[in-house]
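As annotated by Swiss-Prot, L-tyrosine binding site applies to His245, His360, Tyr390. The compositional bias 'Gly residues' feature in Swiss-Prot is assigned to 23-44. Residues or ranges marked as N6-(pyridoxal phosphate)lysine by Swiss-Prot: Lys361. Under the heading region 'Disordered', Swiss-Prot lists 23-45.
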Amino acid sequence: MFKPQHMYDREFGTGNGYSNGNGYTNGNGHTNGNGNYNGNGHVNGNGKANGAKVVKMKPMDSELLREQGHIMVDFIADYYKNLQDSPQDFPVLSQVQPGYLRDMLPDSAPERPESLKELLDDVSKKIMPGITHWQSPSYFAYYASSTSVAGFLGEMLNAGLSVVGFTWLTSPAATELEIIVLDWLAKLLQLPDHFLSTGNGGGVIQGTGCEAVLVVVLAARDRILKKVGKTLLPQLVVYGSDQTHSSFRKACLIGGIHEENIRLLKTDSSTNYGMPPESLEEAISHDLAKGFIPFFICATVGTTSSAAVDPLVPLGNIAKKYGIWLHVDAAYAGNACICPEYRKFIDGIENADSFNMNAHKWLFANQTCSPLWVKDRYSLIDALKTNPEYLEFKVSKKDTVVNYKDWQISLSRRFRSLKLWMVLRLYGSENLRNFIRDHVNLAKHFEDYVAQDPSFEVVTTRYFSLVCFRLAPVDGDEDQCNERNRELLAAVNSTGKIFISHTALSGKFVLRFAVGAPLTEEKHVTEAWQIIQKHASKFTRNDHY
């Protein structure tokens, strides 16, 4: 069970300005006892409302926030400390069964307020067992949901201000900081000037990469339909590869593109699963001859499956030749491109119409934060703008003002640029580069382990911090090899000590080892390899079972 020691030290202490008795203040209009009401609207230890009248609580109280905020920070800090010091208490992959929580919680919400202590006890005893610990140093399954002190503090400040910056007027700082911070990040990535706010392009923070892909598909669709007419929507064709993220297909379907008009080009090991330019041009030529209208190409830098990289230079030349919108989805690997040694992977970006990355994946900005840059902001705005009367203000009509409601699907939007600003300032770009390099080096360390063991093989060329590997086939039997790797994956993950995932490449069942959790060190990689080797021992090359 999770035991947040510092939280309880503070909660049960006295004389520290925060707690009295069992952790809640008395005499200041807050709580007393165990967190339930007495007749004056405060708490009286027996869980019942005493007196004839219950005084309403205030939803926001600065002193209660100060008191309970300290308790919550202690709780979270203890969680991170325990992830490191007591990993046996935190199975990386949750071991519960579906529906486990239903029998542990009441059927209805409480009528009377409960104490924070009771709530956090329930988190420890009931919620934590159902958590897959993405922040565990032994989490290696999917691309990271990277967190940091700076990102966490930015989320706190965002929640505290709780602004809704859908137009410039509704919070000028929210809009202007986003513009500035995304220009900063674009310069770190050495993006072309047409992606900066000083021209016709600019950046916007979407919630996720999926949202980013959706809005640019809509922008590209409307741009081409203005030229050819709306009646030709059924003729529109898009292109990706069989490694392109599944959100691309979903975005196209939402945008009214017929499923049969989504061309996912086949990849293989000869290109390390990158999109082959010759296949793309052949598909475009074939579609044009059939009367279709090619309008969108989705290239990827760092695919979800294997971190493959599509060749942007030739793809960009093809897009330019045929006047097709080229989007570059670099949700994971785009973060690494702030490092000079990885910038080469987005060479050719100058021919792209849009580019997105997820700062919450590998730039330590916490969920969610997905910067998107477009070459022509007006194509995006024309596809997404709404102008209801209740949002009409004189200042909002000025061309110098950005109204981000017209750059996204939803109206409401969080002040996400705060945490990105704080991450960039509190760490500095050089530290961020080094964080990324450390993860890549740890992945290289794991890759070396795999390469040195003749029972295993590295399946794809490693570019970043993902290693694709597997138990090698015996006597060329791929079916048996796939089954062995399935069994190995299940055995390793059932330990709760580490969590890895899998993918399929050219019919091969492949194991994925993705480094990216902020607490991961070399010892965790070594321990993970030892666990994998231990469970693989029954699958030696000489074992034909």
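Any Cβ shown, glycine's included, is placed from N, Cα and C.
Annotation note: His245 (L-tyrosine binding site) sits in a coil segment as assigned by DSSP.
Here Tyr390 (L-tyrosine binding site) is positioned 36 angstrom away from the residue listed as 'N6-(pyridoxal phosphate)lysine', judged by their C-alpha atoms.
Of the listed recorded positions, namely His245, His360, Lys361, Tyr390, the sparsest Cβ surroundings within 10 Å are found at Tyr390.
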